[in-house]
Amino acid sequence: MSTVKARLAPVTGHRLFWPLVVLVVLLAANTVYRPSFLSVELKNGQLYGSLIDIVRLSAPLILVALGMSLVIATGGIDLSVGSVAAVSGAIACLYISEQPDQNSLGAVLTALAIAFGIALLLGAWNGILVAGIGIQPIIATLILMVAGRGLAQLITSGQIITINSEPYKTIGVGHLLTLPFAIIIALAVTLLVAVLTRRTALGMIIEAVGGNAEASRLAGIRSRRITLLVYVVSAACAAIAGFMMTANVSSADGNAVGLWVELDAILAVVIGGTSLAGGRFYLSGTIVGALIIQTLTTSVYAMNIDPQTTLLFKAVVVIAVCLIQAPAFRARFRRRQAPTAPPAAPVEKQKEQVPA
Amino acid sequence: MSQRHPVLTMTAISKIFPGVRALDGVDFRLFPGEVHALMGENGAGKSTLIKVLTGVYGTDAGTITLDGQQVSFAGPMQATAAGVSTVYQEVNLCPNLSVAENIFIGREPRRLGAVNWREMRRRAQELLARIDLHIDVTEPLGSYSLAVQQMVAIARAVDVNARVLILDEPTSSLDADEVAQLLRIMRQLRDDGIAIVFVTHFLDQVYGIADRITVLRNGRLVGEYPTAELPQIALVEKMIGKELDALERLDSEAGRDRAAITAGQPLVAADGLGRTGSVAPFSLTIHAGEVVGLAGLLGSGRTEVARLFFGADRADQGRLAVDGEPTAIRNPVAAIGRGVAFCSENRRTEGLVGELSVRENIILAMQATRGWLRPVPRRKQDELVERYIKALSIRPADPDMPVRNLSGGNQQKVLLARWLITEPRLLILDEPTRGIDIGAKTEIQRLVAQLSDGGMAVLFISAELEEVLRLSHKVVVMRDRQLVAQLDNDDTLDADRVMRAIASGARQEELEKA
């Protein structure tokens with residue numbers, strides 16, 4: 001048995017092992033409850049099924065969480081992503097609603113460009129507060145978290161802006177190559193961020209700044225620029241997520257778009273194995289984390305769990321996920337399971353299976 | 001002494017880490033009322049032995065008996081409770097708490113359930129008075145020097161009824177006076193019957209205080225010796241396991257032609273450079289190929305001088321010229337751009353990024369100068385990293401291991417490698433040999449000599465005068481944040497004269513020379 005364990009060690013020791021186990025368990029639970037859960041079918045050249053729905057619905061969260069991963073890796077945090085999503089969604093919808101032809105592709109692209117540009121400015125604002133002025137990230141971004149909500153409501157004049165624009169709607173509910181367009185956008189942005197951080201030296205430099213800011217400065221890293229950059233990237237990701245959320249419902253509600261998404265995003269990053277203290281970050285982990293959170297939300301609805309207990313149910317699962325991932329907790333559990341270790345004999349074998 | 005019963009016996013201890021046999025059947029005995037030096041190179045297994053003893057690690061084989069009873073501590077807390085206390089190299093107390101709180105943390109005197117602050121202060125003062133330390137115990141611990149913090153840590157350890165006190169490199173960041181004070185405290189504790197395990201790299205201190213010496217090498221026990229029966233040179237041989245005439249050889253190399261080196265234009269010239277509250281204005285030139293030694297006590301302003309040259313702090317007075325051209329070095333980026341490199345004495349806080357790998361740490365400065373858009377190609381990384389791992393014999397030779405898993409000496413080498421690959425013109429080394437073993441120390445010293453022969457200018461900061469004298473062409477003496485003397489390292493210069501300069505400010509030294 002111990003040789004089996006030894007063989008499995010590289011698998012069970014992998015960073016993504018426990019998050020993936022949790023995801024599989026959640027999916028399995030859904031399947032038990034509703035056997036058709038896993039089925040995916042092709043209708044009119046488009047894929048349908050609960051799994052596709054989960055990925056599509058998690059797309060905005062994945063986007064926000066990607067940006068959040070980079071911010072957290074520098075040792076910061078970005079609470080303003082929900083508000084940035086709301087502002088950019090509101091601006092895009094406002095611009096489109098004022099056009100004579102809401103279905104004009106040019107108008108939609110212009111709307112996206114304006115909204116995206118303003119989101120970059122908002123990101124730069126965060127970055128300047130943190131890197132330039134030196135305000136603690138949690139406070140600096142709290143400012144925009146609150147002010148951004150106000151800004152979004154100003155833009156929508158406190159109303160819900162409804163639009164009727166097919167091209168814009170596509171961002172949220174359209175299909176391309178049998179897949180929902182939202183999934184393709186999320187995939188593309190993921191690839192982009194991965195290339196941006198791992199094909200250049202940006203990822204390593206972010207990790208150096210987050211791991212030891214002073215040592216990085218003394219190694220000649222312009223850490224302020226890097227910090228500024230990650231807040232801009234985070235806002236850019238949030239803006240795209242904002243487009244998606246507003247396109248989903250063809251309307252912008254300054255109050256509701258992206259509400260609490262920052263918390264889900266932080267959670268996704270942490271579940272994915274990135275430490276809140278900064279340093280190493282794991283984009284793949286973040287995505288698994290985002291999928292876990294969305295699966296959880298979907299399960300709550302699919303299993304008809306009493307809406308009043310939804311939040312509590314989610315909290316319990318999240319605590320379980322975090323505990324399962326903590327090596328210290330698992331070790332304690334294992335010790336209780338097997339209080340009497342087999343004596344002397346297997347010492348040699350134990351030596352071999354010490355996880356690296 | 002050996003008729004008495006040992007307070008602590010460790011028998012046939014083995015400890016295996018993935019890929020490394022850190023301890024291999026090591027025995028260790030400790031008698032009450034003795035100072036027992038635990039010696040060995042980096043990676044010899046000293047720290048591991050101590051961590052096994054205090055329950056930080058479990059053992060893979062072997063037994064530990066304390067007072068004749070077999071023990072196995074589940075952690076340092078249990079060890080402390082059983083009378084085995086440890087004071088680590090890097091003081092692990094809370095600098096933000098007061099001295100008194102640090103001493104009584106976790107066992108605060110209470111009255112009616114609430115902490116009795118007055119009683120805590122009184123007892124803290126009493127305790128520190130016993131080791132002749134008279135400080136305000138309500139001040140945050142961090143506001144005192146490292147030496148004081150160390151003594152507070154010892155006071156705390158002793159107060160929890162320690163019978164075995166382990167001091168892991170307690171003196172490596174202390175200056176001579178502070179060391180003397182610490183040794184005095186150790187003698188006092190020994191006379192009270194406490195058994196002290198003393199881990200250090202300073203041979204003089206070992207011969208000054210230790211009763212017996214246990215030597216480890218590569219995880220194995222070499223032997224246990226009464227100090228009086230083991231001459232220094234024999235001890236060094238046992239630690240290194242090879243003939244050590246390297247130091248002498250270096251000495252003969254030092255006869256380099258200083259006049260030729262300083263003939264041309266200086267590489268770097270500071271003219272009245274200073275920073276308010278940090279270091280008084282000073283003038284200093286460094287030539288290509290010259291080693292300038294910076295001597296002085298801890299806190300005398302040595303590091304501050306280095307930081308000004310590197311732009312780690314910004315000078316607010318005076319001028320700096322590189323190659324004769326006036327230059328303002330406002331930040332490290334500017335300094336690196338002009339070929340200046342700085343190995344900080346605080347490897348962990350100001351040098352390495354512990355979480356990143358050896359490879360990443362080595363290429364970090366080079367990558368920073370290229371900007372993040374132009375990554376150092378993987379093949380070039382491999383080549384550079386491999387070359388320097390070999391050249392500096394960094395162990396383990398695994399480029400992908402997180403650098404925090406390396407021993408102090410190897411971390412120092414990684415930091416050195418980081419700067420060497422940037423091919424600097426002026427290399428500033430702040431205490432590069434502190435807390436590392438003799439073998440690595442000699443390697444680094446030899447490297448400095450080689451680099452300067454190759455035309456690199458080196459600003460070499462060290463608390464060890466011998467080392468400064470051996471390597472430097474010119475010795476600059478700092479005292480109370482002022483540059484007080486610049487002494488040519490010719491035949492007439494010896495440790496005594498430098499010491500006098502440090503002690504007296506040595507204005508007359510300069511007069512004599514003039």
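Placement of Cβ uses the backbone N, Cα and C atoms for every residue, glycine included.
On a predicted model such as this, the values are computed, not experimentally measured, just so you know.
Copied over from TrEMBL:
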TRANSMEM  A:16-33  transmembrane segment
TRANSMEM  A:54-73  transmembrane segment
TRANSMEM  A:104-122  transmembrane segment
TRANSMEM  A:128-152  transmembrane segment
TRANSMEM  A:173-195  transmembrane segment
TRANSMEM  A:226-245  transmembrane segment
TRANSMEM  A:257-274  transmembrane segment
TRANSMEM  A:281-305  transmembrane segment
TRANSMEM  A:311-329  transmembrane segment
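Sequence-distant residue pairs (6 or more apart) of the transmembrane segment (A:311-329) and the transmembrane segment (A:128-152) include fewer than 3 whose Cβ atoms are under 8 Å, leaving the two stretches without contact. Counted over residue pairs 6 or more apart, the CB atoms of the transmembrane segment (A:128-152) and the transmembrane segment (A:16-33) come under 8 Å in fewer than three pairs, which marks the two as apart. Long-range contacts of the transmembrane segment (A:257-274) within the same chain: residues 15-16, 19, 60-62, 64-65, 67-69, 72-73, 77-86, 89-90, 145, 152, 238, 241-242, 245-246, 280-290, 292-293, 318, 321-322, 325, each at least 6 residues beyond the stretch ends and with a Cβ under 8 Å from a Cβ of the stretch.
Taking every listed stretch (A:54-73, A:173-195, A:281-305) in turn, the largest tally of C-beta pairs under 8 A with the transmembrane segment (A:16-33) is reached by A:281-305. Taking Cβ pairs closer than 8 Å, the transmembrane segment (A:226-245) reaches residues 59-61, 63-64, 66-68, 70-71, 73-74, 76, 78, 80-82, 84-89, 92, 112, 115-116, 119-120, 122-124, 126-128, 130-132, 141, 168, 171-172, 182, 185, 189, 193, 196, 202, 205-206, 209, 257-258, 261 in its own chain, all 6 or more past its ends.
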